[in-house]
């Protein structure tokens, strides 16, 4: 029987609360789907919690455990008590973790966990119904990692955006793999600013080369990022498929997309360090896209669905358990369809109520 080693970072504020519900899901799979194997969970501190205890947002011990693991599950990090002016900040731990694990591809799905949530969207139901795409953001290159010059009092500052062909090729291959795994294969949308930026022109050329030569059966379309941002509001279904873009553009467009499903608490993410083809280890960091929510943490009202769906992504991409991943997603849909909703969705269910409802539906599905 397989044993899956998972490092768990509860993180700060509401992070541990939502992780508890995600772990309930893993325990249910162990019990009700024995062929999935065992989940060996190792708890470590990250972010502010680690600063408070170790004066370090990510210790060497925690980092080494994450490197050796099959996957990493994270709640959320950060909070006002650690400030933004401090030399040691919670976010430094997550950035270091991403860098050391080489997680170059960030995946954020944009869809409705349940059709009943369409009316929760700020967009009209007839506009957003049927939206289903995944943003694949290059995570370890671009302007966030380029040379910068801080303002030294002269009133001048500078950031540079470097990209190499190799960096673009590997994120294009990841997007191509994900698109090809869909049934039927999904369309690939590549977002850039090739009418202005040199890096975008290299991006467009490289993505075209990779998709046309390595994934000839896929349909590829290029879209300027500003046009795509407008399309996302006007007709988000037009981007259905796999959306690939650079670090900066992906950061912005994925946050814009996160508004569509109606609550940031619903949305999962995965940061991968390889192609999840089942042929070798593909470690990843799995976390909800929401922050640590210090204003509502400890009240039992945080929505754990984003974290639970992050577990589904972990099962699919790092642990090669697609049946169980599908079951978790179906259980979330069933729980919401049956009326279990947290406060952010207009309901009264607690964090624990939501987790328990998903587990109850999951048990039915796995035993069927």
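Keep in mind that glycine also has a Cβ here, set from the backbone N, Cα and C atoms.
Keep in mind that what you see is a predicted model, and the values were worked out from it rather than measured.
According to Swiss-Prot, the NAD(+) binding site annotation covers 79-91, 291-303. Same-chain residues at least 6 positions away in sequence with a Cβ under 8 Å from that of residue 79 (NAD(+) binding site) are, in sequence order, 12, 13, 48, 90, 292, 294.
The Cβ of residue 108 (substrate binding site) lies under 8 Å from the Cβ of 134, 135, 137, 254, 257, 258, 267, 268, 269, 289, each of which sits 6+ residues away along the same chain. The annotation substrate binding site is assigned in Swiss-Prot to 98, 108, 137, 226 on the grounds of similarity to another entry.
Other Cβ atoms within 10 Å of the Cβ of residue 144 (site 'Important for catalysis'), summed over all protein chains shown, number 15. Residues or ranges marked as site 'Important for catalysis' by Swiss-Prot on the basis of similarity to another entry: 144 (among others).
If you look up Swiss-Prot, you'll see 193 (among others) marked as site 'Important for catalysis', on the strength of similarity to another entry. Neighbour count (other Cβ atoms within 10 Å of the Cβ, all protein chains): 18 for residue 193 (site 'Important for catalysis'). The secondary structure of residue 193 (site 'Important for catalysis'), as reduced to three states from DSSP, is coil rather than helix or strand.
Among the features that Swiss-Prot reports, Mg(2+) binding site is placed at 226, 251, 255. Same-chain residues at least 6 positions away in sequence with a Cβ under 8 Å from that of residue 255 (Mg(2+) binding site) are not found in this chain. In this structure, residue 255 (Mg(2+) binding site) is part of a helix by DSSP.
Neighbour density for residue 83 (NAD(+) binding site): within 10 A of its CB lie 11 other CB atoms from the protein chains shown. The 10 Å shell around the Cβ of residue 137 (substrate binding site) contains 26 further Cβ atoms across the protein chains shown. Listed in chain order, the extra residues whose Cβ falls within 8 Å of the Cβ center of the Mg(2+) site residues 226, 251, 255 are 225, 229, 248, 249, 250, 252, 253, 254, 256. Across the fold, the C-alpha of residue 226 (substrate binding site) and the C-alpha of residue 144 (site 'Important for catalysis') stand 20 Å from each other. Straight-line distance linking the Cα atoms of residue 302 (NAD(+) binding site) and residue 251 (Mg(2+) binding site), rounded to a whole number, equals 23 Å.
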